[in-house]
Structure formats: C-alpha cells, structure tokens
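Student: For reference, the structure I am asking about is given below.
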Amino acid sequence: MTDSTFLDEITWTSDGLVPAIARDAKTGTVLMMAWMNRESLSLTAQENIAVYWSRSRGKLWRKGETSGFTQHVKSIRLDCDADVIVLDVEQMGGIACHTGRESCFYRELQNGKWVATDPVLKDPKEIY
C-alpha cells in the first residue's frame, strides 16, 4: 500500500480538488484534464490506473469504466506550486476523449475560430 502522506503536500482547491492533466507517456500529447480528490489520487497511486473525481456526477470516475479506454499510469508529477498534477499514461485503445478522439484538445484557434483539427477515431455511439 502507498504511504498517503504525499497527499498532504498538495495545495487542494477549497472544494478539495486538484486539476490533473493526462498526457501520453510516449509522445507527450496532452490527452485530457480532469479533477482529482484525495481518494482518487490515492487510488491512482495504488493501482496505477487513472481514477478521477467527476464533479458533475459527484463520485469517483474510473477512466474507461464504460468505454474500456483506461489509462495505465506510468508516472505522477506535481508542479512547482503543488497545485496541478500531471499523469503520464498509456492510453488504452488510443482514445481519451468522449468524442472518440485521441485527445480532448482537438480544437485549434485559427483566424479567430475554433476548428476541429484531430480526426474522430471511433464514433462515440459505438463506444457508449
């Protein structure tokens, strides 16, 4: 079992959360941003599988529990201000976004408009 004292070094929001950025461990591509609470970060550190806190559902969210696209955690990093987590992950199935794309950051600002630049790898209707 992991020693949980590392959790005390994090600067949590007033809601008891910390933003967590998941990126591909091999390519460095930013896949998504989600929130973690103490329990989800502790579980992630213990199991090496990404577990987040769903603010909309008010419960733990095991990434990939519905889609099968889990994130196997290779490393957990804390920024210099101790208020942002970065997870280096192996994204199972190559899809992190509920839109069926590799990354949730698939839109790019071009000439003042947001343009979808990354392809849909799988129709979300086939995933969920």
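Keep in mind that glycine also has a Cβ here, set from the backbone N, Cα and C atoms.
Model, not experiment: these values are computed from the prediction.
As annotated by Swiss-Prot, Mg(2+) binding site applies to Asp79, Asp81, Asp83. Marked as Zn(2+) binding site by Swiss-Prot: Cys80, Cys97, Cys104.
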Student: Tally every other Cβ atom lying within 10 Å of the Cβ atom of Asp83 (Mg(2+) binding site).
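Tutor: Its Cβ has 13 other Cβ atoms within 10 Å.
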Student: Where's the emptiest Cβ shell within 10 Å among the binding-site residues Cys80, Cys97, Cys104?
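Tutor: Comparing Cβ neighbours within 10 Å for the binding-site residues Cys80, Cys97, Cys104, Cys80 has the fewest.
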Student: What's the CA to CA span in angstrom from Asp79 (Mg(2+) binding site) over to Cys97 (Zn(2+) binding site)?
Tutor: 24
Student: Taking the Cα atoms as reference points, how far is Asp81 (Mg(2+) binding site) from Cys97 (Zn(2+) binding site) in Å?
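Tutor: Cα of Asp81 (Mg(2+) binding site) to Cα of Cys97 (Zn(2+) binding site) measures 28 Å after rounding.
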Student: What other residues of this chain sit with their CB within 8 A of the center of the CB atoms of Asp79, Asp81, Asp83, the recorded Mg(2+) site?
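Tutor: Other same-chain residues near the Mg(2+) site: Thr11, Leu78, Cys80, Ala82, Val84.
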